[in-house]
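Just below is one structure, and these are the notes that go with it.
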Amino acid sequence: MLIRRPPDLLPSEITPEPLARGRRALLKGLGAGAALAGLGLPQISQAGSLGTLRPSPLSSDEKLTPLKSVTGYNNFYEFGTDKEDPARHAPGRLKTRPWTVTVEGEIKRPRTFSIDDLLKLAPLEERIYRMRCVEGWSMVIPWVGFPLAELIRQVEPNGQARFVEFVTLADPQQMPGVRSPLLDWPYVEGLRLDEAQHPLTLLAVGLYGEVLPAQNGAPIRLVVPWKYGFKSAKSIVRIRFVREQPRSTWMKAGPSEYGFYSNVNPAVDHPRWSQATERRIGEFIKRKTLPFNGYADQVAGLYSGMDLRRFF
């Protein structure tokens, strides 16, 4: 799918059908006036630089998707169902300071982190990752963040923790989409504990060397590059370590369409989108989709012996 949608493209072709049907109510909500809000992190000016970043050997050397596309074309249904809605509605609405993330559950050291605490948790790195949307388009994004494993090490999961659940902000005053029953808010995602501890799994606080824009999930979001983009929860406010597999938002919305693992797999199509190929934003010729989004060498061992058609 190209960054510019054809004028005759129906909403139901790019969003799940229940969301397309509820769109009118959401757009009505977006007409409400926005409260002024800051975008930057503490001690960092709005859209400010994140300073010197440590390069990462885990980065891709592929051509980057332009910043304008990364920040202007994305899914963030809390602000609207069109790709351009987050850029239109999130800046100036989403208050990202003060911000806290509560970490709780099956851990020895439960804690509520301020965004300043999180910024000091580990050296920030630039991670250039491929991002693959289940809708059949992709980008290459230079994220800034630190491994989720660093936070996990701080809170010390106990022997009962098997999964990690991520809960995002759901504030109808800031996020007009939350007023509409398009999804079961707040947005919830989850990972197996070993997936969360994998070196590739990132908590991102920026992109392109700058503070994370509101429309991209500020001030802190998850990035799991071998999974479809919807697994990477935005604007996280709570992280829970749990015994049972979390039931994610998209699993509730379409259990036959969205599985818990949601690993990029060209051999398993979504009911409405082929996963065999993808359109890299900014390119005109489709390219073949790689298993695990090209990260098979690093992560395939996590799923050894699993039927990836069944556990999609």
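Heads up, the Cβ atoms here are built off N, Cα and C, so glycines get one too.
Taken from Swiss-Prot as is:
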- Asn74, Tyr77, Glu78, Cys133, Thr168, Asn216, Arg221, Ser232, Ala233, Lys234: Mo-molybdopterin binding site (BINDING)
- 1-47: signal peptide (SIGNAL)
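Swiss-Prot feature annotations superimposed on the structure.
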residue	record	Cβ neighbours (10 Å)
Asn74	Mo-molybdopterin binding site	23
Glu78	Mo-molybdopterin binding site	30
Thr168	Mo-molybdopterin binding site	22
Arg221	Mo-molybdopterin binding site	23
Ala233	Mo-molybdopterin binding site	26
